Amino acid sequence: MRVLFIIAVLALISVGCYASEMKDRSSRNEVLSAIFAIEEPQERDCLGLFWICNYMDDKCCPGYKCERSSPWCKIDIWG
């Protein structure tokens, strides 16, 4: 009788842990999907940081600049 009680208690603990793990896993999946949804590339008319550019027609986004010596968009320190 005692053995059956111990097996029943262990089964209940196992089911409780499994349910808790599934709830935690679904929460993690929601957080990860939200993070990756934010990082999807957006279409824009300007080039972002470290994008290859042409200094003749500087299409870098505001705050970045393209120079002849380094043909990629970088932060414009001097404004």
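Keep in mind that glycine also has a Cβ here, set from the backbone N, Cα and C atoms.
Residues or ranges marked as signal peptide by Swiss-Prot: 1-19.
Residues or ranges marked as disulfide bond by Swiss-Prot: C46-C61 (among others). C61 (disulfide bond) falls outside any helix or strand according to DSSP and counts as coil.
Under DSSP, C53 (disulfide bond) is assigned to coil, being neither helix nor strand in the three-state scheme. Taken from Swiss-Prot, the feature disulfide bond covers C53-C66 (among others), and the record attributes it to similarity to another entry.
Residues or ranges marked as disulfide bond in Swiss-Prot (evidence: similarity to another entry): C60-C73 (among others).
The tryptophan amide annotation in Swiss-Prot covers W78, and the record cites experimental evidence as its basis. For the recorded site, W78 (tryptophan amide), the DSSP three-state label reads coil. When other Cβ atoms within 10 Å of the Cβ of W78 (tryptophan amide) are tallied across all protein chains shown, the result is 4.
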Checklist entry - Of C46, C60, W78, which recorded positions come within 10 Å of C66 (disulfide bond), going by C-alpha to C-alpha distance? => result C60
Checklist entry - How many Å lie between the Cα of C60 (disulfide bond) and the Cα of C46 (disulfide bond)? => result 5
